[in-house]
Amino acid sequence: MADEHRQPEVNIGLVGHVDHGKTTLVRALSGEWTDQHSEEMKRGISIRLGYADATLRRCPDCDEPECYTVAETCPEHDTATEIERTVSFVDAPGHETLMATMLSGAALMDGAVLVVGANEPVPQPQTEEHLMALDIIGIENIVIAQNKVDLVDAEEARQNYEEIQAFVEGTVAEDAPVVPVSAEQEINVDLVIDALQTEIATPDRDPSADPLLYAARSFDINRPGTEWGGLLGGVIGGSLVDGELEAGDELELRPGREVEEGGKTEWRPVTTDVRSLQAGGEDVDSASPGGLLGVGTGLDPSLTKGDALAGQVAGPPGSLPPTWESFEMDVDLLERLVGAADGEQIDDISTGEPLMLTVGTATTVGSVTSARDGECEVALKRPVCAPAGAKIAINRRVGARWRLIGVGTLTESE
């Protein structure tokens, strides 16, 4: 098939409670483990956002939905399969302490698979919290994977299915298909692919627009001990939501980095050039919008190591949205805390309280400088780059962790 079909064209999130099998399902669909961080391997949970690309295929000799596969050759007919499309999976951590990471990943998602373990009551805390996050951020294209059906009998699976249906009633996932699957045994993977093809279409994007890249990760790919002359520039990982990128293009990153001058500190944009591009696991000369992308730059790798540039927005100089050190937002609070056993009521936001805010892929802490009915003003510890009208996930400190309490809409600056 033509190479252009192999570049990922849509981002699909895997969300849900910890240990319900999100990462295992990504492996069944892509052949890749997204848990590569040493602490993740040791603890058996996702800590950072994980990424993997998968080329979805169909056998021309099989009927639907059995025709769908990720194999290049149909095991039943021994015929070459045809490429449908390549997708990028964003594997979000399900642990309650990593909600900010999940929210930053949700900004990249065009659709999502809500993974629900068939061997536990529904909903588990982060099942509920992640579904609410999808609703807040505006992700409507959802598939529900009822995973681990190999661990329960038919009656238990049926009861779990009914619990899922009752749980999603009245939510953004009310009409989402529920697909029984065993990611570990790779059972019903064809049904999952069929649901992805039906429910999560590739969005219409504008390749003629200015490039706009949301950064979710950044890396120093140089090995320790590399000679100065052999050092490569820092790498940014994220999603191109508009426009096209080519090697040699100039990029501006906002909010940039903090610099100190004359005893004062301020945030200044960073400019660089595109040295290399990687999409779908391959080096490419140009990248179209959609899917996940690695951008090799001319930046000093010390600026990009350890996800230091996660949350940045990149595009041609002068084309980016404003950078905000404070802003006003309209606020829509949830009625109760999701994921809490007691369903605690949510109090109004008050002046002086700290909030954790996720805007795009950026997460920052803001101090409320003014609070009124349905709106508030916040001063940010770390500025963000975002257009007016951007959606903001609002988290409040409750006990020992940040809890999702509502959604904001950015209106204007101080």
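Every residue, even glycine, has its Cβ placed from backbone N, Cα and C.
Among the features that Swiss-Prot reports, domain 'tr-type G' is placed at 7-204.
Residues or ranges marked as region 'G1' in Swiss-Prot (evidence: sequence analysis): 16-23. Residue counts for the region 'G1' (16-23) by DSSP state, with H, G and I taken as helix and E and B as strand, are 2 helix, 1 strand, 5 coil.
Around SER182 (GTP binding site), the C-beta neighbours below 8 angstroms that are at least 6 residues distant in the chain are ASN147, LYS148, VAL149, ASP150, ASN188. In the three-state DSSP scheme, SER182 (GTP binding site) falls into the strand class. Summarising the annotation, Swiss-Prot assigns GTP binding site to ASP19, HIS20, GLY21, LYS22, THR23, THR24, ASN147, LYS148, VAL149, ASP150, SER182, ALA183, GLU184.
Taken from Swiss-Prot, the feature Mg(2+) 2 binding site applies to ASP19, GLY44.
Taken from Swiss-Prot, the feature Mg(2+) 1 binding site covers THR23, SER46, and the record attributes it to sequence analysis.
Summarising the annotation, Swiss-Prot assigns region 'G2' to 44-48 and lists sequence analysis as the type of evidence.
Per Swiss-Prot, region 'G3' is recorded for 91-94.
If you look up Swiss-Prot, you'll see 147-150 marked as region 'G4'. Same-chain neighbours of the region 'G4' (147-150): 20-21, 24-25, 115-119, 157, 180-185, 187, counting only residues six or more beyond its ends whose CB sits under 8 Å from a CB of the stretch.
Site extent for GTP: the farthest pair of Cα atoms among ASP19, HIS20, GLY21, LYS22, THR23, THR24, ASN147, LYS148, VAL149, ASP150, SER182, ALA183, GLU184 sits 17 Å apart. Here the Cβ of GLY21 (GTP binding site) has 25 other Cβ atoms within 10 Å, regardless of which shown protein chain they belong to.
Using a 10 Å radius centred on the Cβ of ASP19 (GTP binding site) and all shown protein chains, the other Cβ atoms total 17.
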